[in-house]
Amino acid sequence: MKSTRKVVGIFLATCLLPFTVLQNVAAQGSCRNPNQKQGQCLSIYDCQSLLSVIQQSYVSPEDRTFLRNSQCLDGVGRQPYVCCTSDRSFGSQEATSAAPPPTTTSSSSRGQDGQAGLGNLLPSPPKCGPHSFSNKVYNGNDTAIDEFNWMALLEYVDNRGRRELSCGGSLINNRYVLTAAHCVIGAVETEVGHLTTVRLGEYDTSKDVDCIDDICNQPILQLGIEQATVHPQYDPANKNRIHDIALLRLDRPVVLNEYIQPVCLPLVSTRMAINTGELLVVSGWGRTTTARKSTIKQRLDLPVNDHDYCARKFATRNIHLISSQLCVGGEFYRDSCDGDSGGPLMRRGFDQAWYQEGVVSFGNRCGLEGWPGVYTRVADYMDWIVETIRP
């Protein structure tokens, strides 16, 4: 018979660690579990309630999710740590699916940023922005196979029928992808082609099935676009690229799995200030120092620039920025490039979930010293997003 530690180790290695969402942890090991019950951050080996779940002959998908979402930081004893209470599974409120939405679309019916009414169309942690625990990363800028699993690739078809993956985007719920307006209308239509398809669950575009060692993801999803909605004030002829944001409604609901999850958006209750010098993360399949495009999903940590400095810099190119545009980066050969357009600019919240703060918009060449990239600030468009999405 296998020892308790071996059984737990096998379970964690195959089912838990790569796909975990961390819970918010306060000082001295206090935490809240997925049912929002206060507990202690302990080694799972010292938490009998959750250890007993793992030791069952069959662990249901719901219990696996509860275990994943129970992990915490800064615990006591041997890793991994869990927020330990007497709970063994989701409470009745968590286990019950959301009620069907009412038909009204007014912002008042949704509460702040759509958190009430309409079936809570924008998810909140732990149902968005999961953190990867996989350590299977071979190159410095490659992501883990399950990292940033809301990333989307946009596919275009030109007038000769040739297909090309160009822009990026991010899944924000099971029906919508957030991207840049310039990835939908304007020069992209003549230079790349007509936007036709969204690809989800991608890691390495050169392979049909993506594996790192013995970890393989599920097949990618190819979804059509039922409707593309560009911000009404976006003007593709305006080189300032103000309001460069768009929503893609997919032709069917996405069945979420460990490799396809939505990112969190900065709702009023979770919104944080963005400070100069703070490191944010951009991800995509854009140009690298050695190739026009990367086949493997990349990540890069970039500092936020002072907005006034950035605005003055771009004014010398007769480009005039407004407060809803973020400036990030500006380091030599460290930038979001080409194919990253429309992709997310992200950061970890206090609850350890990932939030999308920006959409890749434009820059003055790529990776040019002293020239930051410009991103559409998502928080400034939350009202528009909430008013646009529907069940």
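Every residue gets a Cβ built from N, Cα and C, even glycine.
The signal peptide annotation in Swiss-Prot covers 1-27.
According to Swiss-Prot, the feature domain 'Clip' maps to 30-84.
When secondary structure is read from DSSP and collapsed to three states, CYS83 (disulfide bond) falls in the strand class. All protein chains considered, the CB of CYS83 (disulfide bond) has 30 other CB atoms within 10 Å. Positions annotated as disulfide bond by Swiss-Prot, on the basis of sequence analysis: CYS31-CYS83 (among others).
Annotation source Swiss-Prot lists disulfide bond at CYS41-CYS72 (among others).
Sequence annotations record features per position, and here Swiss-Prot assigns disulfide bond to CYS47-CYS84 (among others). The Cβ neighbour count for CYS84 (disulfide bond), using a 10 Å radius and every protein chain shown, is 25.
Residues or ranges marked as region 'Disordered' by Swiss-Prot: 91-121.
For CYS128 (disulfide bond), the count of additional Cβ atoms within 10 Å of its Cβ stands at 23 [all protein chains shown]. According to its DSSP assignment, CYS128 (disulfide bond) is coil. Swiss-Prot lists CYS128-CYS264 (among others) with the feature disulfide bond, giving similarity to another entry as the kind of evidence.
Per Swiss-Prot, domain 'Peptidase S1' is recorded for 137-390.
Annotation source Swiss-Prot lists N-linked glycosylation site at ASN141.
Annotation comment: Swiss-Prot describes CYS167-CYS183 (among others) as disulfide bond. Look at CYS183 (disulfide bond): DSSP puts it in a helix.
Per Swiss-Prot, active site, charge relay system is recorded for HIS182 (among others).
According to Swiss-Prot, the Ca(2+) binding site annotation covers GLU202, ASP204, LYS207, ASP210, on the basis of similarity to another entry. Under 8 Å, Cβ to Cβ, and six or more positions away along its own chain, ASP204 (Ca(2+) binding site) finds ASP210, THR295, ILE296, LYS297. The secondary structure of ASP204 (Ca(2+) binding site), as reduced to three states from DSSP, is extended strand.
Counting only same-chain residues six or more apart in sequence, the Cβ atoms lying under 8 angstroms from the Cβ of CYS216 (disulfide bond) belong to ILE145, VAL209, ASP210. Residues or ranges marked as disulfide bond by Swiss-Prot on the basis of similarity to another entry: CYS211-CYS216 (among others).
All protein chains considered, the CB of ASP244 (active site, charge relay system) has 30 other CB atoms within 10 Å. DSSP gives ASP244 (active site, charge relay system) a coil state; it is part of no helix or strand. Taken from Swiss-Prot, the feature active site, charge relay system applies to ASP244 (among others).
For CYS327 (disulfide bond), other Cβ atoms within 10 Å of its Cβ number 25. In this structure, CYS327 (disulfide bond) is part of a beta strand by DSSP. Per Swiss-Prot, the feature disulfide bond maps to CYS310-CYS327 (among others); the stated evidence is sequence analysis.
For CYS337-CYS366 (among others), the entry in Swiss-Prot reads disulfide bond.
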Between CYS183 (disulfide bond) and ASN141 (N-linked glycosylation site), what C-alpha distance do you get in Å?
24
Let me know the most crowded of the recorded positions, choosing from HIS182, LYS207 and counting other Cβ atoms within 10 Å.
HIS182
CB-centroid shell, 8 A cutoff, Ca(2+) site GLU202, ASP204, LYS207, ASP210, site residues removed:
TYR203, THR205, SER206, ASP208, VAL209, ASN217, ILE220, THR295, ILE296
Pop the Cα-Cα gap between LYS207 (Ca(2+) binding site) and ASN141 (N-linked glycosylation site) into the table, whole Å please.
19
Of the recorded positions HIS182, GLU202, LYS207, which sits closest to CYS83 (disulfide bond) by Cα distance?
GLU202
Separation of alpha carbons, ASP244 (active site, charge relay system) and HIS182 (active site, charge relay system) (Å):
6
Model confidence over the domain 'Peptidase S1' (137-390) (mean pLDDT, whole number):
87
